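Chemist: Residues or ranges marked as Fe cation binding site in TrEMBL: His98, Asp100, Glu119, His136. The Zn(2+) binding site annotation in TrEMBL covers Cys104, Cys107, Cys144, Cys147.
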Amino acid sequence: MEERAANISKEMTLLKERMHQHQYKSTPQRDEIADWVFRTHEHFTVEELIASFREKGKKVSQATAYRVIQMLLDLKLIEEHDFGKDYKFYEHTPGHDHHDHIVCMDCGKIIEFADSSLETLKEKITLKNGFRMKKHHLTIYAECTTCPPEKRVLTRRET
Ligand SMILES: [Zn+2]
Ligand SMILES: [Zn+2]
Ligand SMILES: [Zn+2]
C-alpha cells in the first residue's frame, strides 16, 4: 500500500464537520483509521486496512474497522466498489474527481479512467429512459494484456 506523507488537514476538518453534523463521536481509533484512509490514495479492502495497522503493531478488530468504514460511507467521504470479488473495495473521495474503473479479473489490477463523452452518453441514456442521474459508476471487467504473474497490483490515478 502506498501511503503519502501528504497534508490531510483539509480532509480531517471535513471529517470533523460531518461527524458533528451526523452526531458521530470522535474517538482516537476512529480518527486514526480515517487518517489512514485519507492517506491511502488507492483502492483498499478492509483486510488491507487491518493488515496495515497490524504491521505497525496496532490492533484493529474487524468489527471496529467495518464500523468506521460504514461511518465514512454515511459521511460520503469514501465510496464502496464491488469489483467482482467476495469482498468490497473502498476509496476516499476528497481530492479525486469522478471516475470509472477497469478491473483485471486475473491479477486484480485496477485502473481508473474518466471520459467526458462517456459521461455525456450516460446522462443521455438516463434522460431518454425518463430518469435524472443521481450517481453512477461503471466498472469494466477485463483481463489485462500484460498480466503480471499472481500479483495483485493496485493503481490509482492522482488528480
Ligand atoms: Zn487521494
Ligand atoms: Zn477509483
Ligand atoms: Zn491482469
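A Cβ is built for glycine as well, from the same backbone N, Cα and C atoms used for every other residue.
Note that the structure is a prediction, hence the values are computed from the model and not measured.
Let's see these features in context: how buried, what's close, how far.
Modeler: Listed in sequence order, Ala114, Glu119 are the same-chain residues at least 6 apart in sequence whose CB falls under 8 Å from the CB of His98 (Fe cation binding site).
A simple way to gauge crowding: the CB of Cys107 (Zn(2+) binding site) has 17 other CB atoms within 10 angstroms, across all the protein chains here. According to DSSP, Cys107 (Zn(2+) binding site) sits in a coil region rather than a helix or strand.
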Chemist: Looking at the binding-site residues Cys104, Cys144, Cys147, which sits with the largest number of other Cβ atoms within 10 Å of its Cβ?
Modeler: Cys104
